[in-house]
Each structure stands twice: as C-alpha cells, then as structure tokens.
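K.L.:
Reproduced below are the annotations present in TrEMBL:
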type	residues	note
TRANSMEM	12-31	transmembrane segment
TRANSMEM	75-94	transmembrane segment
TRANSMEM	100-120	transmembrane segment
TRANSMEM	127-150	transmembrane segment
TRANSMEM	249-271	transmembrane segment
TRANSMEM	291-314	transmembrane segment
TRANSMEM	427-445	transmembrane segment
TRANSMEM	465-483	transmembrane segment
Amino acid sequence: MGIKTALPAAELGLYSLVLSGALAYAGRGLLEASQDGAHRKAFRESVRPGWEYIGRKMDVADFEWVMWFTSFRNVIIFALSGHVLFAKLCTMVAPQLRSWMYAVYGALAVLGTMGPWYLLLLLGHCVSLYVASLLGQPWLCLGLGLASLASFKLDPLISWQSGFVTGTFDLQEVLFHGGSGFTVLRCTSFALESCAHPDRHYSLADLLKYNFYLPFFFFGPIMTFDRFHTQMSQVEPVRREGELWRIRAQAGLSVVAVMAVDIFFHFFYILTIPSDLKFANRLPDSALAGLAYSNLVYDWVKAAVLFGVVNTVARLDHLDPPQPPKCITALYVFAETHFDRGINDWLCKYVYDHIGGEHSEVIPELGATVATFAITTLWLGPCDIVYLWSFLNCFGLNFELWVQKLAESGPLAQIEASLSEQMSRRVRALFGAMNFWAIIMYNLVSLNSLEFTELVARRLLLTGFPQTTLAILFVTYCGVQLVKERERTLALEEEQKQDKEKPE
C-alpha cells in the first residue's frame, strides 16, 4: 500500500531542500575538519602532498585506489587495451574462434603477471572441479568448490599456495586473492551448471575459456557460466541500436568518476579522519554522520569505477556483464544491499534462492541467509570483524522479513488499511530511514573499523539524543522519500513502455 502513490510536489520540494541543506552543512563541517587536521602528526602517513601549487594535500589512505591510478595505471591500460585490440582483430579475422583467442590472451597475461607456477596452480583447481562435474553430483561440486575456496583463505594452505607466485610487487597479494577466489567461483559455477544440464556436455575447454577471460579474471565481476557461455558462443553477435553510444557514455562516466574522486580527496580526508578517533570525536554530530555516510558512498564509487571499466571492455566483446552495485544512497532495505552484483547473483542462484525459495517463510529464509553469509564469510576471509559483519547483515535481512510478517498480521494490517495511501507511504519511509542507518552502521564495521562504528553509534544515538537522532532521522526520511519517488517514476515509465509494446 502506498508504493505507487505520488506525494504533493510541494512536499517533495521541501524534502529536496532539507536534504540539500543538510548535505551542504555536513560537507562544510567535513571540509573544515580536513583543513584543520591536514598537518596533524597522525595524518602524516595517509595525507600526502597533492596539488602543491594551491597548497592542497591528498588523502591516500586507500592503497588499492592509489596503486590502480599511479604505479599500475599504465599496466592496466596496456593489458585492457591489448585485449580490446586483440579482440577486434579476432572478430574480424576468425569470429568463430574469438572465445579461444580471449582465453589464450588472458592466460598469457596471467603468466606474465603472476608467473608459470601460479598459472599451473589455478589449472589444477580447474581440472579438479571439472572432474567433479563429470560425476553429476551438485553437492559434491559445491563442497569441493568451497574446499578450494577455503584453501585460498585459511592457513596453512594459503601460505603454501601464495608461494607459487613469481616475484614481488605492490599489488601481488590483491591479484593473488582476486584471481584465485574468482577462479574457484567460476569453476564451481561451471560444475553446478554441468550437473544441472548434463545433456549439454560442457568440456574442459569451455571451462578454461570461461575462467581465463582477462577483463573478469582478477577483479570480477563474475558471470555465471550459463550466461557467459551462451553469450560467448554467438558466432556473429549483433549490437543493439545505440549500443556503441552507451558504451562510450559508460567509459566517459568512469573517467569522470576517477577525476571526481581525485578532486574530492584533495578537500575531504574521509578515509584518514576515522583512523584518529580523538580527532573524529571532536567533529560536530552532522559532520560525523556525513563522514560515516561518505565512507560507504566512496566504497560504492570505487566498485562502480572498477566494474565500469571492466564492463566497458566486456560490452565491446558483445557480453552483457553484471551491472555495478546499487548506490548506497538508494538503499533502504537489506534485501537490495550488496557491493558486488556478480557475487550477489552467484550466491542467489546457487545458495540463497535454492534454499529460501520464494523468501516468504521465516524458517527457510533463516536457513538461506545463514548459508549465504557463511559462504560470504569464507569469501571475505574468516576473521572476527567479518564474523560480526556477517552476523549483523544476516540479522538485518531476517529482521526485515519478521517485520514484514508482523505488518501483514491482523491488527497492524488493519491499522495500515485505515490510512490513506500517501500516509502509508510516509510511515513506510520512516521505517526505511531507520533501516538506512542500520545498513550504514552494519557495513561501516567492515569498511572502516569497529571502534569508529562504536563512536558514530554512541554520538548519534546516545549523547546526541534526542536532537541529533531525530534531526538525522528526518533528513534520512526526506532522502528515502525522494528515492521512493524516483522508483515510482521509473516503474510508471516501464509500465508505459510495456503497454506501447503490446500488440493492439
């Protein structure tokens, strides 16, 4: 009730004004804090000289981002550009062999980057899961896949296998874990699809072509084998009208996002400030809330840029890869919260949906979420902070269903039925606002630190109660209403589009 209901334009205008003013006020506080702390001794390691001609320093606390766009920028551009040129040549000369050519190029890139022994190690995991797929037992394939994944996440096997990498360089650990982890997920997907469709007779060559597609190899996103195989098997793929323009637009947006992040880090030290709790504790409540929110937004931007670049190359190869994750600003339900759409699709297909069914019953949903987050914990690398993150998000996902069941019960359903549709939407948005901050706090635990999360929770919920708590809740409520309005508009446009496509 109230899902497709429009609110008065004046009310939505008020929400926009409140949200814009609150973001500007919080941003001003963060800017002043960044300027005041630029020369603090605790900031020396992660705030380095940037735009020296105007005296601005830069937040370099995220070493992965810095490596991608400094020392490894040319290597990444060279590798992906080579893939694009190689792919174009293969498409022109021998389109029926393009999947083979992609795999050969990808394997050579892995060989040159990580060394021959690492390549042989991954081939060993590929072969073991291929052999398991021949037995046609899904439980065996999934179990072996999880065992292979555990071997890259737990000692002593991880230490032994990391020794297969040749040489040492800055991103070696990141590339090792990325290439190994995604290889296991891809091989497991292949094995499970082989069990589900024994009549299709997938071969080891199909698995190798799937696994060594370079744009997806180290950082994902992961496409399930059935989707990848179907799209890559097209001998003469045809682009949809306007596809090249959309690819150029996506590439342009990725470049703009990189530039925007670079500019942002010269003025806002959002990654460094949380590491100095004494300094963070002196921030105004509004700036502290903005700092917590901006940390999650940055993580989304980082994922969107990474997947945007990779997806641009994949779409040039006539693939339809998983889209970047949904922006944290538009999230107010745990069911849509994820930072990697490819892994989310993998988990939903092989674990979450398989166990949870329609996700409408409490007990099956509990089993599905526990199994899903257990595998996610293994994927992220078991440790105390990951255990806590998994527990909190598993609880949040189940709590949503419990609240939904409670709302559908007799008394509460009757109360909502007595409300107008607009008032129903307002009540739901209020609960969405509280859920939004639960999502931020639960994920801030892993994206930043438990200590910083405790500081934010204490300031916003305890020492700041009731003024700060209610003010932030109202601002968030305004944001949720604007997101709901956007969703309503998109839903109406989709319905109109479908009506036009229906034959008269």
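Easy rule for this one: first residue shown is 1, then count along the chain.
Just so you know, glycine gets a Cβ as well, placed from its N, Cα and C.
Can you walk me through where each of these features ends up in the structure?
P.N.:
Only residues 6 or more beyond the boundaries of the transmembrane segment (12-31), in the same chain, are considered here, and those with a CB under 8 A from a CB of the stretch are 267-268, 270, 273, 283-284, 286-287, 289-291, 293-294, 474-475, 478-479, 481-482, 485.
A Cβ distance under 8 Å defines the sequence-distant neighbours of the transmembrane segment (100-120), meaning residues of its chain 6+ beyond its ends; these are 79, 82-83, 86-87, 90, 94, 164-167, 172, 175-176, 179, 205, 208-209, 211-214, 217, 232, 317.
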K.L.:
Report, as numbers and ranges, which residues of the same chain sit near the transmembrane segment (465-483): CB under 8 Å and 6 or more residues beyond its ends.
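P.N.:
Sequence-remote neighbours of the transmembrane segment (465-483) are 7, 12, 14-16, 18-19, 22, 285-286, 289, 329-330, 332, 425-426, 429-430, 432-434, 436-437, 459.
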